[in-house]
Amino acid sequence: MAAPNEFYETLKQRLAGVKHIVLVLSGKGGVGKSTVASQMAIGLIHRGLKVGLLDIDLTGPSIPTMFGVADQQVHTSSEGWVPLYKYDQRLAIMSIGFLLDSRDEAVIWRGPKKNAMIQQFLSEVCWDELDCLVVDTPPGTSDEHLSIVDALKLCKPDGAILVTTPQGVALSDVRREAEFCRKARLKVLGVVENMSGFACPHCKDCTNLFSKGGGEKLAQEIAAPFLGAIPIDPMLGQSLSRGEDFLASCQAAPSYEAVAALIDPLMAQLGLVQATADTSTPSH
């Protein structure tokens, strides 16, 4: 492994062409963090931007499935790992899932090995010029998060998006995540409430299954922007399971407007502008 100073300098050079870095965090698993990360990446692509999506959720990598590339593997070059590209080379994807023999293989590693893999992921991937790198992190707060934030310190990430659900337990967990961000000096760019009621696929009416408005109240507590609430929508889940571009193929879905509405506030936070007036679907 490279000496610490050498590692940081190598990483800084690797990410020199990346304009913005956004981490997506959640206080616990199962709240839809990867769903939000994937849709933010896709939404930015539809604005004509070039995006990287780095899946560092080592024990539950779901990004490959969401983009229909779970059966593919990445290749190495003399420069390092080459990410998979989709959508006219405008989306670069890297995930631990590409390195496993099968999608059902369990990753049972101790902390030091996980941290070493995170350093590899960050420093040995050949990213091209990117408008934004979206990092899908593991759930919770652990040594892995400390490793990610520490490794990126010279690259000055823009901040983090916190994903929660309306339930009290999830909100309590994400409060701890917000405290982690404060201690790590990582700006909270916004809060997203996922699974905010159940959206009927027929009439699109939303029924509250849990308490309502918890994510927005949390955002007020920590003085962070509330980016929106996404209802439980079978069409969204089915689209992701099929590896489809939800924003392009499911515009009649009950959750479509809520998902699409996340993009403008994120771009405003990052100071990004739409690269083209053409928001048509990029080819795969």
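Cβ coordinates come from backbone N, Cα and C, glycine included.
Annotation source Swiss-Prot lists ATP binding site at Gly27, Lys28, Gly29, Gly30, Val31, Gly32, Lys33, Ser34. Counting only residues at least six positions away in the same chain, the Cβ atoms of Gly60, Pro139, Gly140 sit under 8 Å from the Cβ of Gly29 (ATP binding site). DSSP assigns Gly29 (ATP binding site) to coil in the three-state reduction, placing it in neither a helix nor a strand.
Residues or ranges marked as [4Fe-4S] cluster binding site by Swiss-Prot: Cys200, Cys203. In the three-state DSSP scheme, Cys200 ([4Fe-4S] cluster binding site) falls into the coil class.
Of the binding-site residues Val31, Cys200, Val31 has the largest number of other Cβ atoms within 10 Å of its own Cβ. Neighbour list (Gly27 (ATP binding site), Cβ cut-off 8 Å, at least 6 residues apart, same chain): Pro139, Gly140, Thr141, Leu162, Thr164, Ala170, Leu171, Ser172, Asp173, Val174, Arg175, Arg176, Glu177. For Cys203 ([4Fe-4S] cluster binding site), no same-chain residue that is 6 or more apart in sequence has a Cβ closer than 8 Å to its Cβ.
Considering other CB atoms within 10 Å as the measure, the emptiest surroundings among the binding-site residues Lys28, Lys33 are those of Lys28. Gly32 (ATP binding site) and Cys200 ([4Fe-4S] cluster binding site) have their C-alpha atoms 19 Å apart, to the nearest angstrom.
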